[in-house]
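Worksheet for the structure shown next.
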């Protein structure tokens, strides 16, 4: 302990010259002001000030070296002390090493400041690039210093905790404990071991990983009216990690995995967002039902009212959109559940040919208009591909319960439409896989275009191979697995419906995971899961649909509300004329192209359904939001084009129910019309 006391004396000793220097700071400042105003003998005072400063700095460095020697001596004495345990030796040595690091970092900070001042004086104040580079270097230095200081602070906290634990152990050794106290002491030690075992050193493990950047963030606590309550809640949130972080790019973050996993936590922002969406969706959907509009309109309006362009009350936007994706998964599963493989055999050629021809025609028209408007071919291809896709979840809602029995030699429009939408989902996965290569091709020199084309062809071949593997897997599952699996679920779920729901959900997630691993869209996996289950017969289909539909309905509400979060009424109002013209142009073009393609590939007896199918394909898919955001981050499209894509997509989705109802009224016989509207 004497060695420890002497060492802490030497810890405090180097700080004294800095305190003296702080007292003299006022005098130095006055001298600088006089020099600036031309008072006094400038040359003599300047030389004297430099000599004094150098003398003080040299003295501090000598004292620092002396302290380092004392610390080395203290470390050697601790290591030779036979009265200390190995753990206590490591602790004391580590404490001395922390202070050594502090002295070295303080010295480095002085010379870094001098170097920074020298660089600033040598630079040109009119050269913005040079000033930017200097600022970047200072920012990097500050980030590294902050990380080092944070690491040192955590080490000091650990040292303090060790001292407290050592004091507790000493007190327990000097007093007799009751049986209950001994049990609690054993529990405390077991809890400490548990925390050490489950704690992940994510910060230390990732701070040196390549590509990791250090950034300054703001930590925002929830406001409370009462200051005392605010302090108490801040202490609790600081412990529970429920505050919000905001970086310099205005991105907001919340806790995903706490350091201490033994304490249960809940994201109250996300809970409030879901509760708010659920409460506001009811009157919005009710109002749309009362005036004869589809309820999805009300859910989108709910998202608009709560989103950034409305009340801005949704804080966990990413989490809400993620939950909404499950609405897409379950919707497509139920679509596949009503999609008979026998019907698919009848229309598989139409389902494959139609979307491919439509996409090629859209890209051709896009390149033509892009050439006339002097738009880059990469942008033209991307925008055309985005606009060629149609919304599978939306059309699935239109088709719920509208499938009808085929007449002899006739084709059901719902089967054709669903088959084409599934093919478009495959195209979506293909395009998302090819898009990075397409971006590189647009940025590469003309000499490497052939290489990029070959790379795209290789990617297309990989996707086609993945599709073949998926369908082969589906054949195996249908023949050998799905029947025994469902029978086992049915036996175990008698009187316990949750086992059936959980088993079907697990099968959906398994299929979407398989398709995602094979670089095919997860949506296709959900659809195929439904189609495989439907192969067990109508009784099975009805039982599973009855169980899954309530889950689908709630998650679909969240999905359509999340679409409303990306609707910006003010932007639409500013550019209403342009947006309405673009939306009508896109909808009319898609409608006419679909009708043209279907008139060429449909049999004569089924030509009348081309208008209904064309109406179902005339809107733009909500997945253009995802494609647009990726393209904007990659620099393929500008911010203005991205907002135009969002607005045109949203307006086309709002126009889709009107066009669908008009097509059904015009082309479907009256007895079959009610279930389709």
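Heads up, the Cβ atoms here are built off N, Cα and C, so glycines get one too.
Feature annotation from Swiss-Prot assigns signal peptide to 1-22.
Feature annotation from Swiss-Prot assigns coiled coil to 124-204.
What Swiss-Prot lists as N-linked glycosylation site is 206 (among others).
Here Swiss-Prot flags 230 (among others) as N-linked glycosylation site.
According to Swiss-Prot, the feature transmembrane segment maps to 286-306 (among others).
Marked as transmembrane segment by Swiss-Prot on the basis of sequence analysis: 317-337 (among others).
Tertiary proximity for the transmembrane segment (350-370) is limited to same-chain residues at least six positions away from its ends with a CB under 8 Å from its CB atoms, namely 344, 376-377, 379-381, 383-385, 387-388, 411, 416, 419-420, 422-424, 427, 589-590, 593-594, 596-598, 601-602, 617. Marked as transmembrane segment by Swiss-Prot: 350-370 (among others).
What Swiss-Prot lists as transmembrane segment is 416-436 (among others), and the listing cites sequence analysis.
Summarising the annotation, Swiss-Prot assigns transmembrane segment to 456-476 (among others) and lists sequence analysis as the type of evidence.
Feature annotation from Swiss-Prot assigns transmembrane segment to 498-518 (among others). Sequence-distant neighbours of the transmembrane segment (498-518) (same chain, 6+ residues past either end, Cβ-Cβ under 8 Å): 329-330, 333, 466, 469-470, 473, 485, 489-490, 492, 524-526, 528-530, 532-533, 543-544, 547-548, 551.
Look at Swiss-Prot and you will find 554-574 (among others) tagged as transmembrane segment, backed by sequence analysis.
Nonlocal intrachain contacts for the transmembrane segment (578-598), taken as residues 6+ away from its ends with a CB within less than 8 angstroms of a stretch CB, comprise 350, 353-354, 357-358, 361-362, 365, 387-388, 390, 572, 609-611, 613-615, 617-620, 644, 647-648, 651-652, 655, 659. As annotated by Swiss-Prot, transmembrane segment applies to 578-598 (among others).
Residues annotated as transmembrane segment in Swiss-Prot, with sequence analysis given as evidence: 608-628 (among others).
Sequence annotations record features per position, and here Swiss-Prot assigns transmembrane segment to 640-660 (among others) based on sequence analysis.
Put simply, of 286-306, 456-476, 554-574, 608-628, 640-660, the stretch with the most CB pairs closer than 8 A to the transmembrane segment (317-337) is 554-574.
Long-range contacts of the transmembrane segment (608-628) within the same chain: residues 358, 382, 385-387, 389-395, 398-399, 411-413, 416-417, 420-421, 424, 428, 431-432, 435, 563, 566, 586-588, 590-592, 594-595, 598-599, 602, 637, 642, 645-646, 648-649, 652-653, 655-656, 659-660, 662-664, 666-668, each at least 6 residues beyond the stretch ends and with a Cβ under 8 Å from a Cβ of the stretch. Remote same-chain partners of the transmembrane segment (554-574), defined as residues 6 or more beyond its termini with a Cβ less than 8 Å from a stretch Cβ, comprise 274, 277-278, 281, 285, 296, 299-309, 314, 317, 320-321, 323-328, 330-331, 393, 397, 622, 625, 643, 646-647, 650-651, 653.
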